[in-house]
């Protein structure tokens with residue numbers, strides 16, 4: 001401390017990050033499970049910031065509630081806590097932030113899509129944790145907890161992860177037809193978002209293989225290869241996620257890798273005495289108090305409902321698909337996955353239909369897995385038949 005300099009109060013922020021392993025979800029063997037991670041941020045007498053961090057995340061699913069943990073304390077301890085400002089932001093891109101929540105004393109404000117969904121946990125003195133209710137796909141990502149007292153401010157970070165499934169997608173007009181913005185749009189239309197690199201890499205570890213490059217949320221283009229071969233980037237290359245790097249978002253065109261999570265509802269195959277065309281399928285689901293299922297909804301049902309049905313059916317985008325949890329010879333091959341038969345003529349081709357009904361609608365859905373021996377969980381494989 002320099003002569004005549006006033007003592008500097010040290011403000012310490014501690015973000016405790018809990019890593020949970022949800023039932024039925026597989027993580028890499030070396031992943032940290034069930035550990036408490038602590039992030040310390042403090043100022044010493046010189047005013048320098050010393051940061052000690054450890055990786056970690058909190059995990060939930062769409063529609064759930066989750067606590068983003070953050071704690072702080074002052075030195076000396078007699079600092080008035082009412083003078084501390086707590087601010088949460090979401091890191092949306094490099095050096096870009098989205099305001100989530102701010103609190104100072106009894107005054108609080110929640111921003112944007114987080115309104116009516118975010119509140120302080122208030123578990124005791126020094127608790128800056130927030131609770132996010134009714135979690136959405138868009139809530140996935142990295143959050144910053146900032147605590148400010150007078151001229152001092154310190155931060156910690158929490159990563160919010162979602163249970164979910166990654167799936168490749170291309171539209172009716174064919175493969176490699178989407179720029180970045182169109183890829184974002186088609187994923188949203190199929191009840192999903194563009195996947196992150198971390199989500200795609202985890203899907204690869206779970207068995208996802210796709211020999212077509214697709215957009216990810218950061219503007220990069222990648223694809224996962226489990227069994228290397230010459231037509232998919234060289235046979236002598238090791239398995240992994242191939243990366244084309246960051247591409248021009250307006251001019252270049254690829255497929256999309258989408259991510260979705262648990263549903264607030266249920267997908268089922270609508271039993272009928274005869275097969276139907278697309279327009280008849282739409283009307284049939286509507287008469288049953290439902291809607292034709294989207295691609296992301298079918299993948300979610302395959303992953304979390306363990307929906308297993310060896311019957312091809314219409315989906316909302318006009319494609320024909322069916323989910324297989326327990327592979328058998330007559331159902332498209334030896335791997336679990338959602339089989340894709342493409343985009344047939346909507347007027348003249350006849351199939352069944354997969355419907356989706358929300359939980360607040362009628363619940364008299366016929367079980368779809370009766371008589372089918374179920375495995376514990378599907379691997380994240382995707383096959384085109």
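Using N, Cα and C of the backbone, Cβ positions are placed for all residues, glycine too.
What TrEMBL lists as signal peptide is 1-26.
Taken from TrEMBL, the feature disulfide bond covers 211-232 (among others).
Sequence-distant contacts of residue 310 (disulfide bond), defined as residues of its own chain at least six apart whose C-beta falls under 8 angstroms from its C-beta, comprise 322, 324, 328, 330, 331, 332. Residues or ranges marked as disulfide bond in TrEMBL: 310-331 (among others).
Among the features that TrEMBL reports, region 'Disordered' is placed at 366-385.
Taken from TrEMBL, the feature compositional bias 'Polar residues' applies to 376-385.
All protein chains considered, the CB of residue 331 (disulfide bond) has 17 other CB atoms within 10 Å. Spatially close to residue 211 (disulfide bond) yet at least six residues away along the chain are 223, 225, 231, 232, judged by Cβ distances under 8 angstroms.
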